[in-house]
Amino acid sequence: MVYTSTYRHTIVVDLLEYLGIVSNLETLQSAREDETRKPENTDKKECKPDYDIECGPNRSCSESSTDSDSSGSQIEKNDPFRVDWNGPSDPENPQNWPLLKKSLVVFQIMLLTCVTYMGSSIYTPGQEYIQEEFHVGHVVATLNLSLYVLGYGLGPIIFSPLSETARYGRLNLYMVTLFFFMIFQVGCATVHNIGGLIVMRFISGILCSPSLATGGGTVADIISPEMVPLVLGMWSAGAVAAPVLAPLLGAAMVDAKNWRFIFWLLMWLSAATFILLAFFFPETQHHNILYRRALKLRKETGDDRYYTEQDKLDREVDARTFLINTLYRPLKMIIKEPAILAFDLYIAVAYGCFYLFFEAFPIVFVGIYHFSLVEVGLAYMGFCVGCVLAYGLFGILNMRIIVPRFRNGTFTPEAFLIVAMCVCWCLPLSLFLFGWTARVHWILPVISEVFFVLAVFNIFQATFAYLATCYPKYVASVFAGNGFCRASFACAFPLFGRAMYDNLATKNYPVAWGSSLVGFLTLGLAIIPFILYKYGPSLRTRSSYTEE
């Protein structure tokens, strides 16, 4: 069948193979070819390279170049039982997939990210009704938003390293967590006490995190390196657009039925996404595809000596090493690396400001302009316009600043900071504009949203690219720490946001001084890209984490 051959390693095709309805003839032929290759020396020296859980698919985490290591590596490569790609044009290698298949995979990972990510803010239109039904205050009800955000900051600490192992891969994590995410939406829709709702929202946040944590990894699995920044930017734009579209959908559900239908909608969106991914989303993680090939070769030949290099390395990692790499190292790097600490703080404050808007919007658009729930949802469309413009600006800056430096050999990681330096002023501008023009006309706060996304989107892209380039060996730890800091601030800001605006409000300017407070904070933090552009090279030379 064309479907089973094109979409191998999907959940449906895997199930059909397990039930014996279809068979993998290509793998069987490969197994027979491998059986004809006999090892020249069965007593070869075993190579045991140093292992790091965060080692990428094409990067060795051990930098030793001794003769014994080189000899062991050469023997390992000549081992006839070591499963690898069948040459550079192997059709199972995700980098060699047809463009249509790659495009469908990118679309699906964007859809998965949007559906799960919108779960954070889709709740906000129903918050007042939840307060009334459960007889709780604003802060307690806001925990349903805050703990969801905290959950998807905690999840990547465990899920990201697991997704890089040969045994688990990305697909299994996506599908298992999405299934339980869907189930927990049923719980949220039927719960009858605020404590149960808060707990299920927190768990839902953890379950939604794999798409946020490893979606970029999926893109990198299938897209050629020169195109990765642009495709990642498109995926990131979708991730930003999702939580600002969600309040409109949530408002429509509350307006049509009640707050519980918000979670029924999220459940049905999750179910539709689950079905689509089950049929058309294949495994993209290179190590897992090779691991599957090795398992089939063992089964078809009856020879258990077939193995993959990454699975062999994974087995050498004990629980203590795994916990150190996933829990301790991100915190240690934040404390010891000034560049990481500075950008984690900058990104965290910017992300917290984003979720602060969910507290400010009702004050402005309901309190001043008397918008309905749906109209307030439409007021978030300024963020969506900003996403489109921000992605276009990112592409222009990338082509004008980054690409020429790659081509003429003058590229350094600090080149990415030029992008952040160009747009960092937009962040405080957006906050001042939102706060001080709230009573002039409703369109001006909406315009401020555009400036906000122009800044935040490009600062995020520049920061992540800079940190990944500076710390390639420990990029998973860097991003795990950044994600946790980001989610912690985004969790906290909505909890004190309403009190901050109420206490700093004046009669004519209800959100001006509150917005200005965080605006001045972001204005002070805007100096970070400039400082690191100047002192970044010297900081890298003194860092033990950037040594090759």
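Cβ coordinates are placed from backbone N, Cα and C, and glycine is handled just like the others.
For 31-51, the entry in Swiss-Prot reads compositional bias 'Basic and acidic residues'.
The compositional bias 'Low complexity' annotation in Swiss-Prot covers 60-73.
What Swiss-Prot records for 30-94 is region 'Disordered'.
Beyond the transmembrane segment (104-124), the same-chain residues lying 6 or more positions past its ends with a Cβ under 8 Å from any Cβ of the stretch are 97, 144-145, 148-149, 152, 174, 178, 181, 185, 201, 204-205, 207-208, 211-212, 215, 218-219, 222-223, 231, 234-235, 238-239, 241-247, 249-250, 262, 265-266, 269-270, 273, 276-277, 280-282, 284, 355, 358. Look at Swiss-Prot and you will find 104-124 (among others) tagged as transmembrane segment, backed by sequence analysis.
Within the chain carrying the transmembrane segment (139-159), a Cβ under 8 angstroms from the stretch's Cβ atoms is held by residues 117, 119-121, 123-124, 127, 130-131, 173, 177, 194, 197-198, 201-210, 212-214, 326-327, 330, 355, 358-359, 479-480, 483-488, 490-492, 494-495, 498, all 6 or more beyond its ends. Swiss-Prot lists 139-159 (among others) with the feature transmembrane segment.
The transmembrane segment annotation in Swiss-Prot covers 179-199 (among others). Proximity of distant same-chain residues to the transmembrane segment (179-199), defined by a Cβ-Cβ separation under 8 Å and at least 6 residues beyond the stretch ends, is recorded for 116, 119, 130, 134, 136, 140-141, 143-144, 147, 207-208, 260-264, 266-267, 270-271, 274.
Away from its own ends, the transmembrane segment (203-223) comes close to residues 94-95, 97, 102, 105-106, 109-110, 112-113, 116-117, 119-120, 147-156, 159-160, 163-164, 170, 173-174, 177-178, 180-181, 184-185, 188, 231-232, 235, 239, 284-286, 479, 483 of its chain (Cβ-Cβ under 8 Å, at least six residues beyond either end). According to Swiss-Prot, the feature transmembrane segment maps to 203-223 (among others), an assignment based on sequence analysis.
Sequence annotations record features per position, and here Swiss-Prot assigns transmembrane segment to 230-250 (among others).
For 261-281 (among others), the entry in Swiss-Prot reads transmembrane segment.
Feature annotation from Swiss-Prot assigns transmembrane segment to 347-367 (among others).
Annotation source Swiss-Prot lists transmembrane segment at 376-396 (among others). Residues 125, 230, 233-234, 237, 240-241, 244-245, 247-252, 361-362, 365-366, 419, 423, 442, 445-454, 457-458, 461 of the same chain sit 6 or more residues outside the transmembrane segment (376-396) yet have a Cβ under 8 Å from a Cβ within it.
Here Swiss-Prot flags 416-436 (among others) as transmembrane segment, drawing on sequence analysis.
Through the fold, the transmembrane segment (440-460) approaches residues 236-237, 240, 346-347, 350-351, 353-354, 357, 364-365, 368-369, 371, 379-383, 385-387, 389-391, 393-394, 397, 419-420, 422-427, 429-431, 433-434, 529 of its own chain, all at least 6 residues removed from its boundaries and within a Cβ separation under 8 Å. According to Swiss-Prot, the feature transmembrane segment maps to 440-460 (among others), an assignment based on sequence analysis.
As annotated by Swiss-Prot, transmembrane segment applies to 476-496 (among others). For the transmembrane segment (476-496), same-chain residues at least 6 beyond its ends with a Cβ under 8 Å from one of its own Cβ atoms are 53-54, 139, 142-143, 145-147, 149-154, 156-157, 160-161, 164, 212-213, 325-326, 329-331, 333-334, 340, 343-345, 347-349, 351-356, 358-359, 463-464, 467-468.
The transmembrane segment feature in Swiss-Prot is assigned to 511-531 (among others).
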